[in-house]
Amino acid sequence: MRKKPGGVLGIVAVTAAVALSLSGCRGDGGGQGGGSASSPGITDSAITLGITTPLSGATAGPGKCTVAGVSAYFGAVNAAGGVKFGDGKTRTVNIKSYDDAYDPQKSLANFQQMVSDNVFAATAGLGTPTNRAFRDAAISQKVPQVLVMTGDPLFSDRKQSPWQLGFVPVYQNEGAAFGKLLAKSGAQHKVAILSQNDDYGKGYVAGFKDSIKGASNISVVGEQTYEATDTSVDAQLTQLASSGADVFFNAMSITPLTIASLQKAQQIGWKPIWFLPSNTSSPTAILEPGGAAAYPGIYSVSFAKAPQSPAFAKDPDVVKFLDELKQYGNYPDMPAFPHCMWSYMVGATLEKAFQNMKEPTRDSFMTALRDIKGLKAPLMLEGTSVDTTVDGQPAVSSVVVQKYNGKGYATAENFG
Amino acid sequence: MSTAATVRRPRVRMILTAVLAVALIAAPLALPAFANQTLIRIGVYAVAVLGLNIVMGYTGQVNLGQIFFVGLGAYVTAYGVNHGWNILLVFFAACAVAGLVGLLVALAAARLGGLAIAMVTIALPIVGVPLAKRLSDFTGGSQGTSARFTDAPDWSGLDNDQWQFYIVLVVSAAAFLLARSLVRGKYGRAFAAVRENEAVAASMGISPYRTKVLAFTIASIFGGASGFLYLAAVQYTSPETLSFGHSISLLAAMVIGGAGSIAGSLLGGAYYVFVPQLTNAIDPNLTTVSQGAILLAVLFLLPGGLVSLPRVVRRLTRRSATRRSTARPAAETSQQTPPAQHPVPDAAPEGPEQTERQDGP
């Protein structure tokens, strides 16, 4: 039989009453945690870090690397007992990873999930829009978003981003390093520039042009741009080839396009010396399929030892890294993207900050993190180091120019 | 008396609606922040799916560009907020700009029939992403732009997530009520006629062209409103927001929720938000695979979308009930049959001659 309306009304009343009384019970769900009490995500025996990064979609390759590197580093550290923190306690480090598929909306959702999962800090995530999407939320909830993989300078601006810190060099750093080497060579060079029409390409070109200002031996003879969504740059390449340049500065972030341009330039008989950004210069993923051996030289910049390179095949850092990547990082192959090495260094930088933090709080962590100078993280090349003390610069701002030697890269002291 | 019939009584319906309203208003106060944030995002995408449902589910015109209007609405909102416009003006601008662009596109696209519309709408997000990167003065380029306007004011005593919840609740409730009246009235019948057969619609005095343009424009306005909500919830937008893949995900969400159903749109929004969270919890490395598996499972088991779940459950329970007691009187069994399951009544006699239809089974 049907219930009397009075019964249903009763349900309404009870529901409303329950809901309203529950509302009084809401505790501090956001978990800001201030003062000297420990922050969420850290106990006496463990600390939890979160990574939101693309694990599916077009950027999944580098994205998986960001998780693998950090997991490998702390996997080994945990196996050896954990990290001895500045407050005297030894803690193990847990990593939680979240897939954002390079979608800003999802990365924000993942950040909110992290807060509800009691994550101490977000780290190592890849992508400018995805990191920007939860930057404001991280600031307002006072959750560290540190050592993230983006060349966006905003993350290293202390005033605007008090709870953030970028890890990898900003685009300008890379362009400038190559420009300096080129200017130093003393020989006459004509440079053709192709760049992506966004902050990425503009950053590289700005850094490069700044560094060749006043160098009379370098002239820019052709400049073209392309859109990140373009599927072909053949027209631009043909035009740049006709400029007669002997050096080609290609600020391109799209893997297939880089391979295609390496092939196209050969086909039209233009064989300049190339410069490629660090994220599109992988020997196995880009240079080999692109037939890069045909060119007189391929230069890139790096701050990480490349495991593919024969020069580092027996390097103890590299051997240990590959071993741990296999064992703890769930990444059995030779890393195809530098992000694996970078995030491994993120692990080392975090460990250093943990060792220096006096209290188990996010405040104390940020203070410790911003006070690292001259740290030579494993896998770092000679001449580079982690320095978090300079405002406006990411944790790593020093890069060295490298030359492709047919298998991997070796540091180039001189151009040519 | 069956529960289905009880629910249909107007008085009970009213009371149930009141319960729902009270629950929705009280929910953010009681739920943890993360649950609120999830509900907020569901609201955002439910409105976008609702718009898509009007043009696709109700009017039968394939639209692959809905995310473009969401992104457009978000950009207009960001621009307005960063230039200090009144928030109501921002909201109307977001809807109006999206609606206007939708109208312009529809005027051209609706002249083409069938799949040609799909082709035109595919172009929108594909053009939209580079456009958003190029117009960096307006959009902030590829780094995107953020705009904060949904922090809870001090007098409210609410947390930000609770305040945002109410904003999203007001806008999406209004959107759903408007859409419900729309599809139940004169225009809803016009949409259905155009979907079923354009020639028949034209013969009844309904212009298929105008109806399609109308449906498309309304869908765009809903997209713009969804974009406003997107910015209210995410407070940031970038060219990635309107990438083509998300448009397909919206489409999948609509089909999974239930095409041509208002409640289905809400379920679609919930699907769009929940499934990535669920698959993240299963294994963040296998999100695409598990999302595909869920998609296939839903489509196999519930071809009518999630909204058809109660119907399917009822059919299954009835079947097992009849199996258990075959001796049950026929009258009672038929009383339990929900109206949707009634056999199609026989065609009315059309004349003295036996026609094919009267001969049929």
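Note: Cβ is positioned from N, Cα and C throughout, glycine not excepted.
Here is what TrEMBL records for this protein:
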- B:318-361: region 'Disordered' (REGION)
- B:42-59: transmembrane segment (TRANSMEM)
- B:64-81: transmembrane segment (TRANSMEM)
- B:87-107: transmembrane segment (TRANSMEM)
- B:114-132: transmembrane segment (TRANSMEM)
- B:163-183: transmembrane segment (TRANSMEM)
- B:213-236: transmembrane segment (TRANSMEM)
- B:248-274: transmembrane segment (TRANSMEM)
- B:286-309: transmembrane segment (TRANSMEM)
Beyond the flanks of the transmembrane segment (B:64-81) by 6 or more, those residues with Cβ under 8 Å of it: 48, 51-52, 87, 89-91, 93-95, 97-98, 101-102, 105, 118, 120-125, 128, 132, 138-140, 145-149, 219-220, 222-228, 230-232, 237, 239, 241-244, 246-248, 250-251
Cβ-Cβ under 8 Å with the transmembrane segment (B:248-274): same-chain residues at least 6 beyond its ends: 38, 41-50, 52-53, 56-58, 64, 66-67, 176, 179-180, 183, 295, 298-299, 304-308
Whether the transmembrane segment (B:42-59) meets the transmembrane segment (B:114-132): three or more C-beta pairs under 8 angstroms: no
Same-chain residues at least 6 beyond the ends of the transmembrane segment (B:114-132) whose Cβ lies under 8 Å from its Cβ atoms: 61-69, 71-72, 75, 105, 108, 139, 212, 238-240, 242-244, 246-247
